[in-house]
Amino acid sequence: MNYLPIFLDLRDRHCLVVGGSETAARKAELLLRAGAHVAVAAPALHAGFEQLPDRQRLTRVADTFSPALLDGKDAVIVVEDDAAAAQIVADAARARHLPVNVADKPALCSFILPSIIDRSPIMVAVSSGGESPVLARLLRARLETLIPAAYGRLSALASRYKARVREAIQPGQRRAFWEKVFLSSVAEMVFSGRDSEAEAQLEAMIKDSAAHEPARGEVYLVGAGPGNPDLLTFRALRLMQQADVVVYDRLVSQPILDMCRRDAERIYVGKERDDHAVPQEEINMMLVRLAKEGKRTLRLKGGDPFIFGRGGEEIETLVEHGVAFQVVPGITAAAGVASYAGIPLTHRDYAQSVAFVTGHLKENTFNMNWEGIARRDQTIVIYMGLKGLPMLCEALIKHGLTADTPAAIVQHGTLPTQRVITGTLATLPTLAVEAGLKAPTLIIVGNVVKLREKLAWYRPQAAGEAAAATPLEAPDHLA
(Lines of atoms letter the chains of each structure in order from A; the text may use other names.)
(Lines give C-alpha, C1' and ligand atoms only; values in the text may rest on other atoms or scores of the structure.)
Protein backbone atom coordinates (compact mmCIF):
# COMPACT_ATOMS: atom_id res chain seq x y z
CA MET A 1 0.00 0.00 0.00
CA ASN A 2 1.69 3.17 -1.21
CA TYR A 3 -0.80 5.56 0.41
CA LEU A 4 -2.90 5.42 3.56
CA PRO A 5 -6.46 6.54 2.76
CA ILE A 6 -7.40 9.35 5.13
CA PHE A 7 -10.50 11.56 5.13
CA LEU A 8 -9.72 15.17 6.09
CA ASP A 9 -12.16 17.43 7.91
CA LEU A 10 -11.81 20.72 6.02
CA ARG A 11 -15.01 22.38 7.15
CA ASP A 12 -14.26 26.06 7.84
CA ARG A 13 -10.58 25.42 7.12
CA HIS A 14 -8.62 27.62 4.70
CA CYS A 15 -7.09 26.15 1.54
CA LEU A 16 -5.09 27.54 -1.39
CA VAL A 17 -5.52 26.58 -5.03
CA VAL A 18 -2.70 27.68 -7.35
CA GLY A 19 -3.95 27.79 -10.93
CA GLY A 20 -7.01 29.06 -12.78
CA SER A 21 -7.68 26.32 -15.36
CA GLU A 22 -10.77 24.14 -15.76
CA THR A 23 -8.99 21.42 -13.77
CA ALA A 24 -8.25 23.94 -11.01
CA ALA A 25 -11.96 24.81 -10.92
CA ARG A 26 -12.81 21.14 -10.37
CA LYS A 27 -10.29 20.92 -7.51
CA ALA A 28 -11.72 24.08 -5.95
CA GLU A 29 -15.21 22.59 -6.20
CA LEU A 30 -14.12 19.56 -4.17
CA LEU A 31 -12.78 21.82 -1.44
CA LEU A 32 -15.94 23.92 -1.40
CA ARG A 33 -18.14 20.82 -1.18
CA ALA A 34 -16.08 19.77 1.85
CA GLY A 35 -16.92 23.10 3.52
CA ALA A 36 -13.52 24.78 3.10
CA HIS A 37 -12.74 28.43 2.39
CA VAL A 38 -10.76 28.58 -0.86
CA ALA A 39 -8.23 31.18 -1.95
CA VAL A 40 -7.10 31.09 -5.60
CA ALA A 41 -3.86 32.39 -7.05
CA ALA A 42 -3.99 32.70 -10.85
CA PRO A 43 -3.63 35.38 -13.53
CA ALA A 44 -7.08 34.47 -14.90
CA LEU A 45 -9.91 32.15 -13.97
CA HIS A 46 -11.64 29.64 -16.23
CA ALA A 47 -15.39 30.15 -16.72
CA GLY A 48 -15.94 27.03 -14.63
CA PHE A 49 -15.16 29.04 -11.50
CA GLU A 50 -18.32 31.08 -12.11
CA GLN A 51 -20.45 27.92 -11.84
CA LEU A 52 -19.06 26.72 -8.51
CA PRO A 53 -21.41 26.25 -5.56
CA ASP A 54 -20.95 28.39 -2.43
CA ARG A 55 -18.82 30.94 -4.30
CA GLN A 56 -18.99 33.25 -1.30
CA ARG A 57 -16.31 31.01 0.23
CA LEU A 58 -14.00 31.40 -2.78
CA THR A 59 -11.68 34.37 -3.26
CA ARG A 60 -9.10 35.19 -5.91
CA VAL A 61 -6.23 36.59 -3.87
CA ALA A 62 -3.36 37.04 -6.33
CA ASP A 63 -2.21 36.67 -9.94
CA THR A 64 0.84 34.62 -9.01
CA PHE A 65 2.01 32.48 -6.14
CA SER A 66 4.10 33.84 -3.30
CA PRO A 67 5.04 32.04 -0.05
CA ALA A 68 3.07 34.60 1.95
CA LEU A 69 -0.14 33.16 0.48
CA LEU A 70 0.46 30.04 2.59
CA ASP A 71 -0.06 31.95 5.84
CA GLY A 72 -3.03 30.52 7.72
CA LYS A 73 -3.66 27.78 5.16
CA ASP A 74 -4.39 24.16 6.01
CA ALA A 75 -3.92 22.51 2.59
CA VAL A 76 -2.61 23.41 -0.86
CA ILE A 77 -3.58 22.18 -4.33
CA VAL A 78 -1.46 23.09 -7.34
CA VAL A 79 -2.63 22.88 -10.96
CA GLU A 80 0.36 24.15 -12.90
CA ASP A 81 1.72 22.98 -16.26
CA ASP A 82 5.12 24.56 -15.61
CA ALA A 83 7.03 21.89 -13.65
CA ALA A 84 9.47 24.41 -12.18
CA ALA A 85 6.65 26.65 -10.93
CA ALA A 86 4.85 23.64 -9.44
CA GLN A 87 8.07 22.59 -7.70
CA ILE A 88 8.40 26.03 -6.07
CA VAL A 89 4.88 25.86 -4.59
CA ALA A 90 5.32 22.27 -3.42
CA ASP A 91 8.64 23.03 -1.73
CA ALA A 92 7.19 26.08 0.03
CA ALA A 93 4.21 24.07 1.30
CA ARG A 94 6.40 21.22 2.54
CA ALA A 95 8.65 23.68 4.34
CA ARG A 96 5.60 24.73 6.37
CA HIS A 97 4.48 21.12 6.86
CA LEU A 98 1.31 21.76 4.85
CA PRO A 99 -0.30 18.90 2.91
CA VAL A 100 0.13 19.59 -0.80
CA ASN A 101 -1.29 18.03 -3.94
CA VAL A 102 0.14 18.79 -7.38
CA ALA A 103 -2.09 17.68 -10.24
CA ASP A 104 -0.51 15.02 -12.51
CA LYS A 105 2.81 15.17 -10.58
CA PRO A 106 2.68 12.44 -7.90
CA ALA A 107 6.33 12.91 -6.96
CA LEU A 108 5.54 16.42 -5.67
CA CYS A 109 2.49 15.36 -3.65
CA SER A 110 2.25 14.68 0.06
CA PHE A 111 -1.38 13.62 -0.52
CA ILE A 112 -3.39 12.62 -3.56
CA LEU A 113 -7.04 13.22 -4.45
CA PRO A 114 -8.98 10.05 -5.20
CA SER A 115 -11.99 9.62 -7.45
CA ILE A 116 -14.97 10.12 -5.16
CA ILE A 117 -18.40 8.52 -4.95
CA ASP A 118 -20.40 10.92 -2.81
CA ARG A 119 -23.41 9.50 -1.00
CA SER A 120 -23.01 11.79 2.00
CA PRO A 121 -22.53 10.88 4.74
CA ILE A 122 -21.31 7.73 2.98
CA MET A 123 -18.14 8.43 0.99
CA VAL A 124 -16.19 6.03 -1.22
CA ALA A 125 -12.74 6.91 -2.53
CA VAL A 126 -10.98 5.14 -5.41
CA SER A 127 -7.33 5.74 -6.19
CA SER A 128 -4.60 4.29 -8.37
CA GLY A 129 -1.95 6.03 -6.28
CA GLY A 130 -1.44 8.55 -9.06
CA GLU A 131 -0.36 5.83 -11.50
CA SER A 132 -3.50 5.85 -13.66
CA PRO A 133 -6.13 8.49 -12.80
CA VAL A 134 -8.20 7.57 -15.87
CA LEU A 135 -8.45 3.94 -14.73
CA ALA A 136 -9.50 5.10 -11.26
CA ARG A 137 -12.24 7.26 -12.80
CA LEU A 138 -13.50 4.33 -14.88
CA LEU A 139 -13.63 2.14 -11.77
CA ARG A 140 -15.48 4.89 -9.95
CA ALA A 141 -18.01 5.02 -12.80
CA ARG A 142 -18.67 1.30 -12.36
CA LEU A 143 -19.14 1.70 -8.63
CA GLU A 144 -21.50 4.64 -9.19
CA THR A 145 -23.92 2.27 -10.91
CA LEU A 146 -23.87 -0.14 -7.97
CA ILE A 147 -24.36 2.37 -5.16
CA PRO A 148 -27.80 4.03 -5.24
CA ALA A 149 -27.95 7.77 -4.73
CA ALA A 150 -30.29 7.20 -1.78
CA TYR A 151 -27.58 5.58 0.35
CA GLY A 152 -27.20 8.89 2.15
CA ARG A 153 -30.86 8.78 3.21
CA LEU A 154 -30.43 5.18 4.32
CA SER A 155 -27.47 6.19 6.48
CA ALA A 156 -29.47 9.07 7.97
CA LEU A 157 -32.32 6.67 8.79
CA ALA A 158 -29.91 4.35 10.58
CA SER A 159 -28.46 7.28 12.51
CA ARG A 160 -31.92 8.30 13.75
CA TYR A 161 -32.57 4.79 15.08
CA LYS A 162 -29.13 4.12 16.54
CA ALA A 163 -30.21 4.94 20.10
CA ARG A 164 -33.38 2.82 19.79
CA VAL A 165 -31.37 -0.17 18.62
CA ARG A 166 -28.87 0.31 21.43
CA GLU A 167 -31.71 0.17 23.97
CA ALA A 168 -33.58 -2.78 22.43
CA ILE A 169 -30.84 -5.13 21.21
CA GLN A 170 -27.95 -6.68 23.09
CA PRO A 171 -24.43 -5.42 22.17
CA GLY A 172 -23.34 -8.73 20.64
CA GLN A 173 -26.35 -8.76 18.31
CA ARG A 174 -26.31 -5.19 17.05
CA ARG A 175 -23.83 -5.66 14.21
CA ALA A 176 -25.80 -8.62 12.83
CA PHE A 177 -29.02 -6.65 13.21
CA TRP A 178 -27.76 -3.70 11.18
CA GLU A 179 -26.40 -6.02 8.50
CA LYS A 180 -29.85 -7.59 8.27
CA VAL A 181 -31.48 -4.15 8.03
CA PHE A 182 -29.21 -2.92 5.26
CA LEU A 183 -29.76 -6.10 3.24
CA SER A 184 -33.51 -6.13 3.83
CA SER A 185 -36.48 -4.50 2.17
CA VAL A 186 -35.86 -1.43 4.38
CA ALA A 187 -33.03 -0.42 2.07
CA GLU A 188 -35.11 -1.03 -1.06
CA MET A 189 -37.95 1.06 0.35
CA VAL A 190 -35.58 3.98 0.91
CA PHE A 191 -34.10 3.57 -2.57
CA SER A 192 -37.58 3.74 -4.11
CA GLY A 193 -38.62 6.80 -2.08
CA ARG A 194 -40.88 4.95 0.38
CA ASP A 195 -39.21 6.38 3.49
CA SER A 196 -42.26 6.16 5.76
CA GLU A 197 -42.69 2.46 4.89
CA ALA A 198 -38.98 1.94 5.56
CA GLU A 199 -39.32 3.46 9.03
CA ALA A 200 -42.33 1.24 9.77
CA GLN A 201 -40.43 -1.83 8.61
CA LEU A 202 -37.39 -0.86 10.69
CA GLU A 203 -39.63 -0.42 13.73
CA ALA A 204 -41.04 -3.90 13.11
CA MET A 205 -37.55 -5.38 12.74
CA ILE A 206 -36.48 -3.86 16.05
CA LYS A 207 -39.52 -5.38 17.77
CA ASP A 208 -39.00 -8.73 16.04
CA SER A 209 -35.34 -8.86 17.02
CA ALA A 210 -36.09 -7.90 20.59
CA ALA A 211 -38.75 -10.63 20.77
CA HIS A 212 -36.69 -13.06 18.67
CA GLU A 213 -39.50 -13.34 16.12
CA PRO A 214 -38.70 -14.83 12.69
CA ALA A 215 -37.56 -12.53 9.90
CA ARG A 216 -40.00 -11.46 7.20
CA GLY A 217 -39.15 -12.46 3.66
CA GLU A 218 -39.87 -10.80 0.36
CA VAL A 219 -40.03 -11.77 -3.31
CA TYR A 220 -38.16 -9.86 -6.02
CA LEU A 221 -39.76 -10.46 -9.43
CA VAL A 222 -36.93 -9.40 -11.72
CA GLY A 223 -36.67 -9.24 -15.49
CA ALA A 224 -33.22 -10.39 -16.61
CA GLY A 225 -33.55 -8.99 -20.13
CA PRO A 226 -32.81 -10.84 -23.37
CA GLY A 227 -29.59 -12.49 -22.22
CA ASN A 228 -26.70 -10.04 -22.42
CA PRO A 229 -25.70 -9.11 -18.83
CA ASP A 230 -24.83 -5.58 -19.96
CA LEU A 231 -28.57 -5.01 -20.47
CA LEU A 232 -29.53 -5.62 -16.83
CA THR A 233 -30.93 -2.64 -14.97
CA PHE A 234 -29.06 -1.27 -11.96
CA ARG A 235 -31.93 -2.23 -9.68
CA ALA A 236 -32.03 -5.79 -11.02
CA LEU A 237 -28.32 -6.24 -10.38
CA ARG A 238 -28.61 -4.88 -6.85
CA LEU A 239 -31.40 -7.30 -5.93
CA MET A 240 -29.62 -10.21 -7.61
CA GLN A 241 -26.64 -9.64 -5.35
CA GLN A 242 -28.57 -9.58 -2.08
CA ALA A 243 -31.08 -12.42 -2.54
CA ASP A 244 -30.91 -15.52 -0.33
CA VAL A 245 -32.58 -17.75 -2.93
CA VAL A 246 -32.67 -17.54 -6.74
CA VAL A 247 -35.58 -19.18 -8.58
CA TYR A 248 -34.78 -19.06 -12.29
CA ASP A 249 -35.97 -20.21 -15.71
CA ARG A 250 -34.24 -21.76 -18.70
CA LEU A 251 -34.13 -18.40 -20.52
CA VAL A 252 -31.85 -16.83 -17.90
CA SER A 253 -28.38 -16.95 -19.43
CA GLN A 254 -25.43 -18.33 -17.46
CA PRO A 255 -23.51 -15.00 -17.51
CA ILE A 256 -26.50 -13.36 -15.82
CA LEU A 257 -26.88 -16.18 -13.32
CA ASP A 258 -23.19 -15.77 -12.46
CA MET A 259 -23.92 -12.19 -11.35
CA CYS A 260 -26.25 -13.35 -8.57
CA ARG A 261 -25.01 -13.54 -5.00
CA ARG A 262 -22.48 -16.38 -4.95
CA ASP A 263 -23.71 -18.11 -1.82
CA ALA A 264 -27.42 -17.86 -2.65
CA GLU A 265 -29.41 -21.07 -2.99
CA ARG A 266 -30.36 -21.68 -6.64
CA ILE A 267 -33.55 -23.42 -7.73
CA TYR A 268 -34.07 -24.24 -11.41
CA VAL A 269 -37.72 -24.38 -12.47
CA GLY A 270 -37.27 -24.97 -16.21
CA LYS A 271 -40.16 -23.47 -18.19
CA GLU A 272 -39.13 -25.00 -21.51
CA ARG A 273 -41.66 -25.78 -24.24
CA ASP A 274 -43.43 -29.07 -23.48
CA ASP A 275 -41.05 -29.67 -20.56
CA HIS A 276 -41.91 -27.58 -17.50
CA ALA A 277 -39.50 -28.82 -14.83
CA VAL A 278 -41.84 -27.40 -12.19
CA PRO A 279 -45.54 -26.65 -12.90
CA GLN A 280 -46.49 -22.98 -12.66
CA GLU A 281 -48.80 -23.54 -9.69
CA GLU A 282 -45.96 -25.14 -7.75
CA ILE A 283 -43.65 -22.24 -8.60
CA ASN A 284 -46.25 -19.79 -7.26
CA MET A 285 -46.52 -21.63 -3.95
CA MET A 286 -42.75 -22.13 -3.75
CA LEU A 287 -42.32 -18.35 -3.78
CA VAL A 288 -44.86 -18.01 -0.98
CA ARG A 289 -43.15 -20.70 1.10
CA LEU A 290 -39.65 -19.28 0.68
CA ALA A 291 -40.76 -15.76 1.59
CA LYS A 292 -42.62 -17.00 4.67
CA GLU A 293 -39.42 -18.74 5.75
CA GLY A 294 -37.92 -15.25 5.96
CA LYS A 295 -35.86 -15.52 2.77
CA ARG A 296 -35.26 -12.77 0.24
CA THR A 297 -36.36 -14.66 -2.84
CA LEU A 298 -35.30 -13.61 -6.33
CA ARG A 299 -37.68 -14.78 -9.05
CA LEU A 300 -35.46 -14.26 -12.08
CA LYS A 301 -37.07 -14.35 -15.52
CA GLY A 302 -35.75 -13.81 -19.02
CA GLY A 303 -36.95 -10.63 -20.72
CA ASP A 304 -39.65 -8.73 -18.86
CA PRO A 305 -41.73 -10.58 -16.25
CA PHE A 306 -44.99 -9.02 -17.46
CA ILE A 307 -44.57 -9.83 -21.17
CA PHE A 308 -45.30 -13.52 -21.74
CA GLY A 309 -43.54 -14.22 -18.46
CA ARG A 310 -46.54 -15.18 -16.28
CA GLY A 311 -45.35 -12.66 -13.72
CA GLY A 312 -48.90 -11.47 -13.16
CA GLU A 313 -50.00 -14.95 -12.07
CA GLU A 314 -47.11 -15.21 -9.63
CA ILE A 315 -47.73 -11.91 -7.88
CA GLU A 316 -51.48 -12.61 -7.72
CA THR A 317 -50.60 -15.60 -5.56
CA LEU A 318 -48.24 -13.48 -3.45
CA VAL A 319 -50.98 -10.90 -2.86
CA GLU A 320 -53.45 -13.63 -1.87
CA HIS A 321 -50.99 -14.92 0.76
CA GLY A 322 -49.91 -11.51 2.07
CA VAL A 323 -46.32 -11.81 0.85
CA ALA A 324 -44.35 -8.61 0.24
CA PHE A 325 -42.92 -8.26 -3.26
CA GLN A 326 -41.52 -5.83 -5.78
CA VAL A 327 -41.26 -5.97 -9.56
CA VAL A 328 -38.25 -4.90 -11.61
CA PRO A 329 -38.94 -4.55 -15.34
CA GLY A 330 -36.49 -6.02 -17.81
CA ILE A 331 -35.74 -5.26 -21.45
CA THR A 332 -38.18 -7.52 -23.24
CA ALA A 333 -36.80 -9.77 -25.97
CA ALA A 334 -38.68 -7.87 -28.68
CA ALA A 335 -36.86 -4.62 -27.88
CA GLY A 336 -33.44 -6.04 -27.03
CA VAL A 337 -33.16 -8.66 -29.76
CA ALA A 338 -34.53 -6.40 -32.49
CA SER A 339 -32.03 -3.68 -31.54
CA TYR A 340 -29.10 -6.10 -31.62
CA ALA A 341 -30.32 -7.47 -34.95
CA GLY A 342 -30.37 -3.98 -36.46
CA ILE A 343 -34.14 -4.05 -37.01
CA PRO A 344 -36.11 -1.05 -35.67
CA LEU A 345 -39.57 -2.14 -34.58
CA THR A 346 -41.17 1.08 -35.78
CA HIS A 347 -40.10 3.40 -38.60
CA ARG A 348 -41.84 6.36 -40.18
CA ASP A 349 -41.64 4.83 -43.66
CA TYR A 350 -42.45 1.22 -42.79
CA ALA A 351 -44.37 0.63 -39.56
CA GLN A 352 -46.51 2.84 -37.32
CA SER A 353 -47.31 0.16 -34.74
CA VAL A 354 -45.93 -3.06 -33.34
CA ALA A 355 -47.67 -6.18 -32.05
CA PHE A 356 -46.16 -8.67 -29.60
CA VAL A 357 -47.70 -12.13 -29.92
CA THR A 358 -46.88 -15.59 -28.64
CA GLY A 359 -46.35 -18.38 -31.14
CA HIS A 360 -47.11 -21.04 -28.57
CA LEU A 361 -49.25 -23.81 -30.05
CA LYS A 362 -52.23 -25.14 -28.11
CA GLU A 363 -53.61 -28.40 -29.49
CA ASN A 364 -51.63 -27.68 -32.67
CA THR A 365 -53.47 -24.41 -33.36
CA PHE A 366 -53.04 -20.68 -32.67
CA ASN A 367 -55.56 -18.56 -30.81
CA MET A 368 -54.95 -15.17 -32.45
CA ASN A 369 -56.84 -12.19 -33.82
CA TRP A 370 -55.28 -12.57 -37.26
CA GLU A 371 -57.15 -9.61 -38.79
CA GLY A 372 -55.74 -7.29 -36.13
CA ILE A 373 -52.23 -8.70 -36.45
CA ALA A 374 -51.74 -9.17 -40.20
CA ARG A 375 -51.42 -5.51 -41.22
CA ARG A 376 -48.89 -4.20 -43.70
CA ASP A 377 -48.12 -1.04 -41.68
CA GLN A 378 -47.39 -3.00 -38.52
CA THR A 379 -44.39 -4.94 -37.24
CA ILE A 380 -45.19 -8.33 -35.74
CA VAL A 381 -42.87 -9.80 -33.11
CA ILE A 382 -43.48 -13.45 -32.32
CA TYR A 383 -42.19 -15.04 -29.13
CA MET A 384 -41.78 -18.82 -28.86
CA GLY A 385 -42.65 -19.31 -32.52
CA LEU A 386 -39.93 -21.61 -33.86
CA LYS A 387 -41.91 -24.84 -33.61
CA GLY A 388 -44.97 -23.37 -35.32
CA LEU A 389 -43.09 -21.19 -37.82
CA PRO A 390 -44.52 -22.83 -41.00
CA MET A 391 -48.08 -22.53 -39.69
CA LEU A 392 -47.50 -18.93 -38.56
CA CYS A 393 -46.21 -17.82 -41.94
CA GLU A 394 -49.03 -19.63 -43.75
CA ALA A 395 -51.67 -18.01 -41.51
CA LEU A 396 -50.23 -14.51 -41.95
CA ILE A 397 -50.31 -14.92 -45.74
CA LYS A 398 -53.84 -16.32 -45.59
CA HIS A 399 -55.04 -13.31 -43.58
CA GLY A 400 -53.70 -10.56 -45.81
CA LEU A 401 -49.90 -10.29 -45.82
CA THR A 402 -48.13 -11.01 -49.08
CA ALA A 403 -45.82 -13.99 -49.42
CA ASP A 404 -42.88 -11.67 -50.05
CA THR A 405 -43.35 -9.77 -46.76
CA PRO A 406 -39.87 -9.48 -45.18
CA ALA A 407 -39.30 -11.65 -42.12
CA ALA A 408 -36.40 -12.51 -39.82
CA ILE A 409 -35.67 -15.04 -37.13
CA VAL A 410 -33.03 -14.40 -34.47
CA GLN A 411 -31.41 -17.11 -32.37
CA HIS A 412 -29.68 -16.26 -29.06
CA GLY A 413 -30.34 -12.55 -29.55
CA THR A 414 -27.91 -10.10 -27.84
CA LEU A 415 -25.48 -12.93 -26.98
CA PRO A 416 -22.09 -13.66 -28.60
CA THR A 417 -23.76 -16.67 -30.27
CA GLN A 418 -26.45 -14.52 -31.94
CA ARG A 419 -27.51 -15.61 -35.43
CA VAL A 420 -29.90 -13.73 -37.71
CA ILE A 421 -31.67 -15.28 -40.69
CA THR A 422 -33.66 -13.03 -43.01
CA GLY A 423 -36.07 -13.99 -45.75
CA THR A 424 -39.78 -13.68 -46.47
CA LEU A 425 -42.93 -15.28 -45.13
CA ALA A 426 -42.67 -17.74 -48.00
CA THR A 427 -39.04 -18.68 -47.44
CA LEU A 428 -38.29 -18.23 -43.73
CA PRO A 429 -39.51 -21.67 -42.52
CA THR A 430 -37.19 -23.47 -44.95
CA LEU A 431 -34.28 -21.15 -44.20
CA ALA A 432 -34.68 -21.74 -40.45
CA VAL A 433 -34.55 -25.51 -40.94
CA GLU A 434 -31.50 -25.29 -43.21
CA ALA A 435 -29.72 -23.11 -40.64
CA GLY A 436 -30.45 -25.64 -37.90
CA LEU A 437 -31.83 -22.99 -35.55
CA LYS A 438 -32.70 -23.97 -31.99
CA ALA A 439 -34.68 -22.15 -29.31
CA PRO A 440 -34.63 -19.54 -27.94
CA THR A 441 -35.54 -17.56 -31.04
CA LEU A 442 -37.55 -14.45 -31.87
CA ILE A 443 -39.39 -13.87 -35.14
CA ILE A 444 -39.88 -10.40 -36.64
CA VAL A 445 -42.26 -9.84 -39.54
CA GLY A 446 -42.72 -6.60 -41.47
CA ASN A 447 -41.12 -4.15 -43.84
CA VAL A 448 -38.73 -2.92 -41.12
CA VAL A 449 -36.73 -6.12 -41.71
CA LYS A 450 -35.54 -4.53 -44.97
CA LEU A 451 -33.41 -2.17 -42.87
CA ARG A 452 -31.30 -4.91 -41.29
CA GLU A 453 -28.72 -5.03 -44.07
CA LYS A 454 -28.14 -1.29 -43.65
CA LEU A 455 -28.42 -1.01 -39.86
CA ALA A 456 -26.86 -4.24 -38.57
CA TRP A 457 -24.20 -3.21 -36.06
CA TYR A 458 -23.76 -6.17 -33.71
CA ARG A 459 -21.66 -8.84 -35.38
CA PRO A 460 -20.15 -11.08 -32.70
CA GLN A 461 -19.44 -13.76 -35.29
CA ALA A 462 -19.20 -11.58 -38.37
CA ALA A 463 -17.89 -14.25 -40.73
CA GLY A 464 -20.23 -17.00 -39.58
CA GLU A 465 -23.23 -14.72 -39.49
CA ALA A 466 -22.57 -13.43 -42.98
CA ALA A 467 -22.58 -17.00 -44.26
CA ALA A 468 -25.79 -17.85 -42.43
CA ALA A 469 -27.71 -14.69 -43.26
CA THR A 470 -29.87 -14.77 -46.34
CA PRO A 471 -31.00 -11.77 -48.43
CA LEU A 472 -34.68 -10.92 -48.63
CA GLU A 473 -34.89 -12.30 -52.16
CA ALA A 474 -34.83 -16.10 -51.79
CA PRO A 475 -32.71 -18.27 -54.10
CA ASP A 476 -34.54 -19.71 -57.09
CA HIS A 477 -34.78 -23.22 -55.63
CA LEU A 478 -36.58 -21.88 -52.55
CA ALA A 479 -38.93 -19.46 -54.28
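Yeah, the Cβs are placed from backbone N, Cα and C, and that goes for glycine too.
Not measured: the values here are computed from a predicted model.
The region 'Precorrin-2 dehydrogenase /sirohydrochlorin ferrochelatase' annotation in Swiss-Prot covers 1-202.
Counting every protein chain shown, the Cβ of Glu22 (NAD(+) binding site) has 12 other Cβ atoms within 10 Å. Annotated NAD(+) binding site per Swiss-Prot: Glu22, Thr23, Pro43, Ala44, in sequence order, evidence recorded as sequence analysis.
Look at Swiss-Prot and you will find Ser128 tagged as phosphoserine. Around Ser128 (phosphoserine), the same-chain residues six or more apart in sequence whose CB sits under 8 Å from its CB are Leu135, Ala136, listed in sequence order.
Among the features that Swiss-Prot reports, region 'Uroporphyrinogen-III C-methyltransferase' is placed at 217-479, with the record citing sequence analysis.
Taking the Cβ of Ala333 (S-adenosyl-L-methionine binding site) as centre and 10 Å as the limit, one finds 27 other Cβ atoms among all the protein chains shown. What Swiss-Prot records for Pro226, Gly302, Gly303, Asp304, Ile307, Thr332, Ala333, Met384, Gly413 is S-adenosyl-L-methionine binding site, and it gives sequence analysis as the kind of evidence.
Classification of Asp249 (active site, proton acceptor) by DSSP places it in coil, neither helical nor stranded. Residues or ranges marked as active site, proton acceptor by Swiss-Prot: Asp249.
The active site, proton donor annotation in Swiss-Prot covers Lys271 and is backed by sequence analysis.
Cβ-based neighbour count (10 Å, all protein chains) for Thr23 (NAD(+) binding site) stands at 16. Here Ile307 (S-adenosyl-L-methionine binding site) is compared against the recorded positions Glu22, Thr23, Ala44, Asp249, and the shortest C-alpha distance is to Asp249.
When averaged over the region 'Uroporphyrinogen-III C-methyltransferase' (217-479), pLDDT in the model lands at 88. For Pro43 (NAD(+) binding site), the same-chain residues lying six or more positions away in sequence with a CB closer than 8 A to its CB are Gly20, Asp63, Thr64. Nearest by CA distance to Pro226 (S-adenosyl-L-methionine binding site), out of the recorded positions Glu22, Ala44, Asp249, is Asp249.
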